[in-house]
C-alpha cells in the first residue's frame with residue numbers, strides 16, 4: 001500500500017517543512033486555501049545564511065498555518081557531524097579533496113526531528129520541498145517512515161493541481177501578492193544554495209554546466225580565496241581531541257560542541273578551507289555536480305586524520321578508510337540509521353576514535369593549502385628512534401635481524417617468480433626473451 005498521497009488531503013492535518021522561502025510560503029498558503037490544515041515545522045540547523053529564525057514561524061502563521069514550531073536541531077546536527085568525522089564517513093572526493101556529506105547529515109537530523117515533532121502534534125502527513133529528481137525525496141521518505149511508521153507523504157511538487165496553478169516562482173510570487181502578502185522574489189542567483197551549520201551546497205542552474213565553476217560562487221561560510229583582491233593571511237591553529245571528541249581550538253576549551261563548531265567554521269572560513277568541486281552519483285545513479293563549503297569540518301578532519309595515522313597501525317587505518325567509504329555512501333543514500341550503518345559507525349567510534357587523544361598544530365593559508373607543524377599525543381605509536389638514520393643505543397632491531405627477515409622473504413619471492421612463468425605457459429604473459437621477467441603481451445605484435 002502506497003504511503004504517498006497524490007492529491008491534497010482536504011480537511012486533514014498536513015505538516016510542512018517550512019523554510020520561509022517563496023516555495024514553502026506559497027505551498028502553505030495554497031494548502032490552507034484548498035482546505036487542508038497545515039502545520040509548519042522549521043528546523044534551526046544554524047544555517048549561516050539565515051538571520052532571524054524566530055521570524056519564520058511567525059510568517060507561517062500569517063500564511064495560514066494552524067500552528068508553527070521552530071525545532072532546534074543544532075546540537076543533534078553537530079553530534080551526527082562529529083560521528084561522521086570519527087568514522088571517516090565521506091565517500092565523495094576528487095584528488096584528495098573531500099566532500100563532507102554535510103547535506104546528507106542535515107537531512108538525517110531534519111527528517112527525524114521534524115517528523116518526531118509532528119507526531120507529538122498528532123500530524124501524520126508530511127510534505128517538504130524536495131523534487132523527484134534529487135536525493136532528498138528519498139532521504140526524507142526513509143527518515144520520515146523510520147520515525148513514524150504511520151506517516152503519509154504529501155508533496156505539493158508531486159501534485160499536478162499545484163503544479164498547474166503555481167508551476168513557477170513568478171506564479172508563486174503573484175499568488176502571494178494577490179493574497180495580500182507583499183512577497184517579492186529575491187534576485188535570481190546563477191545557482192541554488194542549501195546550507196546548515198556543517199556546510200553549504202551550491203548547485204543547479206549555471207553550475208550544471210562544467211565550464212562554469214567556483215568563480216561564480218559567492219561563499220557564505222568563508223572567503224572567495226581564489227580572488228586576488230581577497231586578502232588571506234597565514235594563520236597558525238591548534239586543534240585538540242580527547243577520546244575522539246574535538247574539545248579545544250587554539251588552547252580554548254569548549255564545553256558546548258555547537259560553539260566549538262561555530263568557531264571552527266570561523267577559523268576555516270577565514271581561509272576558504274574545505275571548499276570543493278565534485279561530480280557525484282546521486283541515489284538514482286545519475287551524475288550531478290556540486291560546489292561545497294565545510295570550513296569547520298575540514299579543519300577538524302585534518303587534525304583527526306593526522307592523529308589517526310600517528311596512533312593506529314596500518315591494518316586498522318585501512319579498515320577505517322574502507323568502512324568509512326561504505327558508511328559515507330550509506331549516509332548519502334539516507335541510510336544513516338540503518339543497522340549496517342550503525343554497525344560500521346559504532347565500530348569506528350569505539351575502536352578508532354576512542355584512542356584519538358592529542359593536539360595538532362597547523363598553518364592555514366589559502367583554500368585547502370595548509371602545512372602540519374606539530375603533532376602531540378600520549379597514544380602515538382610513531383617512534384622516530386626505531387628508524388633513525390643515526391646510531392642509537394638499544395636499537396629495536398639489528399642488521400642481523402633484517403638479514404633474517406629478508407631471507408624469509410625468499411619463500412614468497414620464489415613462489416611469485418614460479419607463478420609468473422606459469423602464466424607464460426598458459427599464454428597470459430609473453431616469454432621474457434632478453435628481459436629478466438615475463439612481460440605482458442603486446443597485442444600489436
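From the backbone N, Cα and C atoms, a Cβ is placed for every residue, glycine too.
Residues or ranges marked as ATP binding site by Swiss-Prot on the basis of sequence analysis: 17, 18, 19, 20, 21, 22, 23, 24, 25, 43, 129, 131, 136, 194. Reduced to three states, the DSSP call for residue 131 (L-aspartate binding site) is coil. Taking a C-beta cut-off of under 8 Å and a sequence gap of six or more, residue 131 (L-aspartate binding site) has these contacts in its own chain: 137, 157.
For 99, 135, 139, 192, 201, 203, 280, the entry in Swiss-Prot reads L-citrulline binding site. In three-state terms derived from DSSP, residue 139 (L-citrulline binding site) belongs to a helical segment. Counting only same-chain residues at least 6 apart in sequence, those with a Cβ under 8 Å from the Cβ of residue 139 (L-citrulline binding site) are 104, 107, 108, 111, 130, 333, 334.
Residues or ranges marked as L-aspartate binding site by Swiss-Prot: 131, 135, 136.
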Alpha-carbon spacing, residue 25 (ATP binding site) to residue 99 (L-citrulline binding site), which is rounded to whole Å: 31
Distance [Cα-Cα, Å, rounded] between residue 21 (ATP binding site) and residue 135 (L-citrulline binding site): 20
Site with most surrounding Cβ atoms, counting all protein chains shown within 10 Å, from the binding-site residues 25, 192: 25
Same chain, 6+ residues apart, C-beta under 8 Å of the C-beta of residue 201 (L-citrulline binding site), given in sequence order: 102, 103, 193, 194, 195, 290, 291, 292
Among 99, 135, 139, 192, 201, 203, 280, the record's L-citrulline binders - longest CA distance, Å: 19
Any further residue of that chain within 8 Å (Cβ to the Cβ centroid of 131, 135, 136) of the recorded L-aspartate site: 130, 132, 133, 134, 137, 138, 139, 140
